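Colleague: After the C-alpha cells below, expect a handful of questions from me.
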C-alpha cells in the first residue's frame with residue numbers, strides 16, 4: 001500500500017515537472033521569438049544591396065514633427081552652419097518608389113531632407129501630391145543604375161545652376177547635411193571629384209557605396225551626363241554604385257577621400273550599432289574586404305562629423321534626428337577642431353610608408 005502511494009506521488013511529481021518544463025519552454029520560446037521579430041537590423045550580405053525592408057514591428061505609423069520644439073534651440077549659435085548653407089549649396093535627390101513613399105520617403109522628408117538647399121524624390125512614376133519626379137522606368141534592383149542615370153540627367157537639365165554639389169541617397173539613408181557641407185567646403189565644385197564611402201574591388205581608384213550615398217561636384221555631374229551622350233559610358237550593368245564608379249574613372253572624375261582629419265570615416269553603409277559594437281560584423285563578412293581604407297570597429301569607426309548611415313528604418317530615422325540635432329550634454333563646449341589637418345596628413349604619411357618599404361626605410365634613417 002505504501003509502495004503504491006509512493007509510486008503515485010512519484011508519477012504526480014514527474015507529470016507536474018514535465019508540465020512545468022513544457023510551460024517554461026513555451027514561454028521562453030515566445031519571448032525569444034518576439035525579440036527576433038523586433039530586431040530592427042539584420043546583416044546585409046550583398047555589398048551592393050540598396051534598401052532595407054521595414055517590418056510591421058519597426059514601421060512607424062504616421063509622421064513626426066521634430067520642428068515643434070525649435071524654440072528650445074532658439075539661443076543656439078548657428079552662424080557657421082547658416083553660412084555654409086549659403087556657401088555650399090547641395091541639391092539632394094532621393095531614390096524611392098511608389099511603394100515606399102509612405103513607408104520610407106515621408107520620414108526622410110520630415111527629417112534630414114529639410115536641410116538640403118533643394119530636395120527631389122526620384123521614382124519610376126510621378127506623384128504630384130508627394131511630390132516625386134517620374135523617371136518613367138520600371139521598378140526593381142536591375143533598374144537602379146538606369147534610374148540613377150536618368151535622375152542625374154534630370155537634375156542636370158533642370159537644376160544644374162541651382163547648386164554646387166549633387167547628393168544621391170536612398171530612402172533608407174540618413175544624411176547629416178551640415179557635416180557634409182563642412183567636408184565639401186574644402187573643395188571647389190569646379191573640380192572633377194565625388195565623395196562617399198570608398199570601396200576598392202573592381203575599380204582601380206575605388207568607387208562609392210550606393211547605400212551610404214555619394215555626392216558629385218558640379219563638374220563631375222557635367223562630365224557624367226555628357227559621357228552618356230558621347231558613349232564614353234553606357235548602361236552596361238545593373239549594379240549602380242560599381243557601374244557609376246567605373247564611369248567616373250573613365251571620365252577622370254577623382255574618387256575623393258571623405259575621412260575626417262583624424263582618418264575616421266564619415267559615410268557609413270550601415271546603422272551605427274553595426275559599426276560601434278565590436279564583433280557585430282563577423283570577420284568573414286564582405287565589409288572587411290571592401291573598404292578602400294582599413295576599416296575600424298568600435299568607437300573609432302565613425303567620425304564625430306559623420307555624414308551618413310544606411311539601412312535606417314523609419315523609427316531609427318527619428319532616433320538619429322533626435323540624437324544629432326536635439327540631445328545636448330549640459331556644460332560641455334564643442335571639443336573637436338575639424339580644421340586641423342595634421343592628424344590625417346600624418347596618417348596618410350604612415351599609410352604611404354607601409355605601402356612603400358623603401359620610403360619607410362629612408363624615413364627611419366633620417
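Here the Cβ of each residue, glycine as well, is placed from N, Cα and C on the backbone.
Sharing the feature lines straight out of Swiss-Prot:
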TRANSMEM  11-31  transmembrane segment
DISULFID  92-116  disulfide bond
BINDING   95, 139, 140, 141, 147, 170, 310, 311  UDP binding site
BINDING   170, 172, 310  Mn(2+) binding site
DISULFID  233-247  disulfide bond
BINDING   286  glycoprotein binding site
DISULFID  301-302  disulfide bond
REGION    341-366  region 'Disordered'
Colleague: Between residue 301 (disulfide bond) and residue 95 (UDP binding site), how many Å separate their Cα atoms?
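Modeller: Each residue's Cα considered, residue 301 (disulfide bond) and residue 95 (UDP binding site) end up 26 Å apart.
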Colleague: Here are the binding-site residues: 170, 172. Which has the lowest count of other Cβ atoms within 10 Å?
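Modeller: 170, out of the binding-site residues 170, 172, has the fewest neighbouring Cβ atoms within 10 Å.
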Colleague: Out of 92, 116, 247, 286, 302, which of these recorded positions is nearest residue 170 (UDP binding site) by C-alpha distance?
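Modeller: Result for residue 170 (UDP binding site): the nearest of the recorded positions is 92.
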Colleague: Pull out the recorded positions from the set 172, 233, 247, 286, 302 whose C-alpha sits within 10 Å of the C-alpha of residue 311 (UDP binding site).
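Modeller: Close recorded positions: 172.
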Colleague: To the nearest whole angstrom, state the Cα distance for the pair residue 310 (UDP binding site) and residue 233 (disulfide bond).
Modeller: 27
Colleague: Identify, in sequence order, the residues in the chain of residue 147 (UDP binding site) that are 6 or more apart from it along the sequence and have a CB within less than 8 Å of its CB; answer 'none' if there are none.
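Modeller: Result: 95, 122, 124, 135, 137.
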Colleague: Taking the Cβ of residue 139 (UDP binding site) as reference, which residues of that chain separated by at least 6 in sequence fall under 8 Å from it?
Modeller: 97, 98, 99, 124
Colleague: Are there any residues at least 6 positions away along the chain from residue 233 (disulfide bond) with a Cβ closer than 8 Å to its Cβ? List them or say none.
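Modeller: Expected: 224, 227, 246, 247, 250, 251.
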Colleague: Between the disulfide-bonded residues 92, 302, whose Cβ has more other Cβ atoms within 10 Å than any of the rest?
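Modeller: The residue with the most neighbouring Cβ atoms within 10 Å is 92.
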Colleague: Where does residue 92 (disulfide bond) sit in the DSSP three-state scheme?
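Modeller: Reduced to three states, the DSSP call for residue 92 (disulfide bond) is strand.
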